[in-house]
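Below: the structure, in structure tokens.
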Amino acid sequence: MEAFHQEKLTEMMIEQQKKKRKSGEIDEAKRVYDSSLDHKGRIPLRESTGAWKASLFIVAIEFGERLSYFGIASNLITYMTRLLHQDLKTAAKNVNYWGGVTTIMPLIGGFLADAYTGRFFMIMLSSIIYFMGLNLLTLSEFLPSLKQCEVYTCRQQNKVHEVAFFVAMYLLSLGTGGHKPCLQSFGADQFDDDHLEERKQKMSFFSWWNFVLGCGALLGVTLIVYVQDYVSWGVADLTLSITMGIAIIIFFIGKPFYRYRMPQGSPLTPVLRVLVAAIAKRKLPYPSNPDLLYEVPHHQSTESRGRLLRHTRNLRFLDKAAIIEVDDNPSAEGMKNPWRLATVTRVEETKLLLNMSPIWLTSLIFGLCIAQTSTFFTKQSSTMNRKIGHKFEIPPASMTSVTAIGMIISVTIYEKILVSVLRRRTGNERGISILQRIGIGMIFIVLSMATAGSVERKRLRSVEKEIIQGGRVGTLSMSVFWLVPQYIIIGIGDGFSIVGLQEYFYEQVPDSMRSLGIAFYLSIIGVGSFISSFLITIVDHVTEKISGTSWFGKDLNKSRLDKFYWLMTAMSVLNLLAYVLIAKRYTYKNVQKSVIVVDGDEDKGST
């Protein structure tokens, strides 16, 4: 009887909606019905909210943050070796530890944003923390009691400065933890998947987002690094602080234009419920037809604002969580025990997370290779001839700009030329699938590591000839531009892999976990940095024990980075083979078509 009344109530609501549309009270084309709200808690107007008009404000603060991050991170190993007087191995480990923490912290920030605070609040809070870190860095360069020793040859480091420096750096890590996972997902939230034009814009959003990221990185590793090396670290930090402050103000000004998604509680609780229900009903036989599994129609669903997912046949043991038992009364929502009976959508969301695990694992080698650009690549450039003309000398960390240029070129060519061609040939809205794009990027990573190994071997021959035999002092005559191929190849790979990974972890997670999804992507870079530190330690120990000489000496000219690069090349090839096998069997998220009632008719649009 209760189910009958519920059906009647639903029919009445739909009829009222039809009448309102006919009378002009609701214009479907002017409203956005994707579970988002405007800044006053109302259903957003399409014309005045979201899409690129809102995303531009979000892109502005991303530019400010990336300018700061790359301006600091790309030259960090130089700061630690030159001003903190750390040896190469210690400095590389500290850079990797900081990079690892910085890119793992988003797992916490993304979870809190999805579950409790919402993305806008988390972005504002974390941006202020980030701003505080930049201010502390600036003060540590100007206040006499916090300044480091000014002469590069001094032996005694100011411990107070060292403490202030690391506190400031890890404040940046803490700020990044809330900033990075929420900002990109908040930007993607501004596009409605049910609207054809906005859906196409969203597919390009991740590419152009990384175009802006590349521009911020380019300025960071050229202008900011130049100021650090040839003017003052304090002036550079002050510049970054002012830029970030302006970016925060711009982001806040855009508040009326944004579309907001409300937090829905812990996104991990539904996953745990599915696992518990599947284990509890593990002995039940599978139903003869998947349509017999429990699902709540979208207009009746109270447990989720997200879209409904279609049933898939992989990981079938989880389907048992959605089997309706004799004692169940699924039509009585208040009586349903979510720890005993889960919807098909919840089951499929759990499958999504489990299916993502192998992709995440096979992407870690990519993160490991990326970590080398801010450590060993930079130290290589510091030993080489960086002069242009007679007076100008390129800062070592500025060579990272070539990676940014490679990414900008890659993204631009893909979006302006390749996408339209590939769409016609494949029939895929994206041109190629997300996992294919990631795989292409991984091929470039293999080529980059192989190139780095070859160039380093040539550099060591120059060391043998000029320094060991010829007695040359200072940098080599070998031009730093020999490093351009390895930098630009890895940048082109970033234009495929990084963009693909961002889109993959945003699109393929449950709708309620999108901030956490971006955090999963960032954790690849973070865990890759930790693996890099661990691998350096292992290789250092093993090579010193076997040959008596470590591949990583205090002097780069006495190290064997070429062998380390070839080791990573071999690891990348094996990893690529494993990735291809996994990607071939991968099942993408399968969303049910949404049903929109327009003027009494049912218009079905796929999301």
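Cβ coordinates come from backbone N, Cα and C, glycine included.
Curation does not apply to TrEMBL; its annotations are automatic.
When averaged over the domain 'Major facilitator superfamily (MFS) profile' (54-587), pLDDT in the model lands at 84. Under the heading domain 'Major facilitator superfamily (MFS) profile', TrEMBL lists 54-587.
Residues or ranges marked as transmembrane segment in TrEMBL: 95-113 (among others).
Per TrEMBL, transmembrane segment is recorded for 119-137 (among others). Cβ atoms under 8 Å from those of the transmembrane segment (119-137) belong to residues 61, 65, 68, 72, 109, 112-113, 164-165, 167-172, 174-179, 182-183, 185-186, 189, 237, 240-241, 244-245, 247-248, 251-252, 255, 258, 260-261, 515 of the same chain, restricted to positions at least 6 beyond its ends.
Under 8 Å from some Cβ of the transmembrane segment (208-227) lie the Cβ atoms of residues 59, 62-72, 74-75, 184, 187, 235-236, 239-240, 395, 397-401, 403-405, 407-408, 411-412, 415, 491, 494-495, 498-499, 502, all in the same chain and six or more residues away from its ends. If you look up TrEMBL, you'll see 208-227 (among others) marked as transmembrane segment.
TrEMBL lists 233-254 (among others) with the feature transmembrane segment.
Residues or ranges marked as transmembrane segment in TrEMBL: 359-377 (among others).
If you look at the transmembrane segment (397-414), the same-chain residues 6 or more away from its ends with a CB under 8 A from one of its CBs are 70, 74-75, 78, 207-208, 210-211, 213-215, 217-218, 221-222, 225-226, 228-229, 373-374, 377-378, 381, 431, 480, 483-484, 487-496, 498-499. The transmembrane segment annotation in TrEMBL covers 397-414 (among others).
Annotation comment: TrEMBL describes 434-455 (among others) as transmembrane segment.
Residues or ranges marked as transmembrane segment in TrEMBL: 487-506 (among others).
Taken from TrEMBL, the feature transmembrane segment applies to 518-539 (among others). Proximity of distant same-chain residues to the transmembrane segment (518-539), defined by a Cβ-Cβ separation under 8 Å and at least 6 residues beyond the stretch ends, is recorded for 89, 92-93, 96-97, 99-107, 109-111, 180-182, 184-185, 356, 360, 363-372, 375, 501-502, 504-506, 509, 550-552, 564, 567.
The transmembrane segment annotation in TrEMBL covers 564-583 (among others).
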Cβ-based contact of the transmembrane segment (487-506) with the transmembrane segment (564-583), 3 or more pairs under 8 Å:
no
Winner by Cβ pairs under 8 Å against the transmembrane segment (95-113), considering only 233-254, 359-377, 564-583:
359-377
Who are the long-range neighbours of the transmembrane segment (564-583) in its own chain, taking Cβ under 8 Å and residues 6 or more past its ends?
358-359, 362-363, 365, 368-369, 372, 376, 435-436, 438-439, 442-443, 445-446, 449-450, 452-453, 456, 539, 551-552
